[in-house]
Amino acid sequence: MSDKHLSDVNTLRERARQHVENGAVTEGYNADREQVLRLLNESLATELVCVLRYKRHYFMANGLKASVAADEFLEHATQEAEHADKLAERIVQLGGEPEFNPDLLSKHSHAQYVAGNTLKEMVYEDLVAERIAIDSYREIIQYIGDKDPTTRRLFEEILAQEEEHADDMADILNDL
Ligand SMILES: [Fe+2]
Ligand SMILES: [Fe+2]
C-alpha cells in the first residue's frame, strides 16, 4: 500500500503552525477557495429565494384553505432556512462573507421566485425550483470531488432533502 498521500507527523505539525489566522482553512486545503465560496454564496441565494417563495405559498394556500399543501410549504420554508444557515456558516469557516443583500439574491440564485396565483401554479413552480436546486447541487458535488470533503458532505445532505422536497411537490401536484 502506498503512503505517498500521507504526510508525516512533523510535516502536519509544521503546516498547522503556518497561517494560523486562516482558521479552518489549512495549507492542505485543495479546492479553489474563491470558486467554492462563489458556489456557496449562489447556493445561499438559492435557499433564501426558496424560503421567500415557500413563505408566500404557505400564506396564500392557507387563504385557499388548502391545508395539506400549506403544511408542506411551511415545512419546506423552515428547512430551506436551515440549509441557508448551514451554507452561511460554511462560508464563514472558509474565510468568506455570506451575502444577504436582498438586491443581489435573485441575481445570484439559481432557482427563481415565481409567485404563482393558483395552488397548482404554486406547487408546479416549487417543483421546478427544487429540480433546479437538485441539478445545481449535484453538479457542485461533482465539481468539489474530494478536494473539500466537508463542503461536499454539506451539499450532499442538502441535496438529499431537496430530492424529498421535489418528491413531496410531485405527490401534491398529482392529486390536484
Ligand atoms: Fe434547500
Ligand atoms: Fe427544497
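Every residue, even glycine, has its Cβ placed from backbone N, Cα and C.
Copied over from TrEMBL, here are the features:
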BINDING   E47, H83, E130, E162, H165  Fe cation binding site
COMPBIAS  1-20  compositional bias 'Basic and acidic residues'
DOMAIN    30-176  domain 'Ferritin-like diiron'
REGION    1-26  region 'Disordered'
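The region 'Disordered' (1-26): residue composition by secondary structure is 11 helix, 0 strand, 15 coil, according to DSSP. Cβ proximity to the Fe cation site centre (mean Cβ of E47, H83, E130, E162, H165, cutoff 8 Å) flags the following additional same-chain residues: T46, C50, H76, Q79, E80, A129, A133, I158, Q161. Taking every protein chain shown into account, E47, E130, E162 are the binding-site residues, and of these the Cβ with the most other Cβ atoms within 10 Å belongs to E162.
When DSSP labels each residue, the domain 'Ferritin-like diiron' (30-176) comes out as 118 helix, 0 strand, 29 coil, counted as helix, strand and coil in that order.
H165 (Fe cation binding site): 23 other CB atoms within 10 A of its CB, across all protein chains. Only H165, in sequence order, out of the binding-site residues E47, H83, H165 have a CB under 6 Å from ligand 2. Here the domain 'Ferritin-like diiron' (30-176) returns a mean pLDDT of 95 for the predicted model. Long-range Cβ contacts of H83 (Fe cation binding site) within its own chain (separation 6+, distance under 8 Å): S43, E47, I158, Q161.
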